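Trainee: Please see the structure below; I have some questions.
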Amino acid sequence: MHEMGLMEEALQMVSEDAEKHGLETIDKVSLIVGDLSNVLPDALRFAFDAFCKTGEIPRIGERAQLEIIRERGLARCALCGKEYEPSEYLALCPECDMPFGVIQSGETFKIESYEGS
Ligand SMILES: [Zn+2]
């Protein structure tokens, strides 16, 4: 489950940034997770809860909340220009049945924002 590592990295970054801004506790972390990012939201939540309980990352405690903002997967066919939602990374264009879709969005995994006090 690579989400554990991703979450740890994200929370470390948030924690360090919060320290710089003099915050003692993280209340909420918002992440953008693309449908094509190979990151499973359920696994992220599981990892987040685990870190909140153990308290092993400074400033991330049991009160912290996780918000996951989904980014829709979108591809544009390089042949016919059709835009479609690929169901997997190399989905076929529904118009011409060719695997020439160029991913437009949905690969993002990043920290959108966080709140602390
Ligand atoms: Zn096409």
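Count begins at 1; order follows the chain as displayed.
Backbone N, Cα and C atoms are what each Cβ position is placed from, and that goes for glycine too.
Summarising the annotation, TrEMBL assigns Ni(2+) binding site to His2. Taken from TrEMBL, the feature Zn(2+) binding site covers Cys77, Cys80, Cys93, Cys96.
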Trainee: Quick check on the binding-site residues: of Cys77, Cys80, whose CB has the lowest count of neighbouring CB atoms inside 10 Å?
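Mentor: Among the binding-site residues Cys77, Cys80, the sparsest Cβ neighbourhood within 10 Å belongs to Cys80.
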Trainee: What is the total of other Cβ atoms whose distance to the Cβ of Cys96 (Zn(2+) binding site) is within 10 Å?
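Mentor: So the number of other Cβ atoms within 10 Å of Cys96 (Zn(2+) binding site) is 12.
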Trainee: So which binding-site residues out of His2, Cys80, Cys96 are up against ligand 1, CB under 6 A?
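Mentor: Listed by sequence, the hits are Cys80, Cys96.
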Trainee: Beyond the listed site residues Cys77, Cys80, Cys93, Cys96, identify every same-chain residue whose Cβ lies within 8 Å of the center of their Cβ atoms for the Zn(2+) site.
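Mentor: After dropping the recorded site residues, what remains is Ala78, Leu79, Gly81, Lys82, Pro94, Glu95, Asp97, Met98, Phe100, Gly101.
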Trainee: So if I measure Cβ to Cβ from His2 (Ni(2+) binding site) and keep only same-chain residues at least 6 apart in sequence, which ones fall under 8 Å?
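Mentor: Val39 - these are the non-local Cβ neighbours of His2 (Ni(2+) binding site), listed in sequence order.
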Trainee: According to DSSP, folded down to helix, strand and coil, what is Cys77 (Zn(2+) binding site)?
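Mentor: In the DSSP reduction, Cys77 (Zn(2+) binding site) maps to strand.
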Trainee: Report the same-chain neighbours of Cys93 (Zn(2+) binding site): residues 6+ apart in sequence with Cβ closer than 8 Å to its Cβ, ordered by sequence.
Mentor: Ala75, Cys77, Leu79, Cys80, Lys82, Tyr84, Pro99, Phe100, Gly101
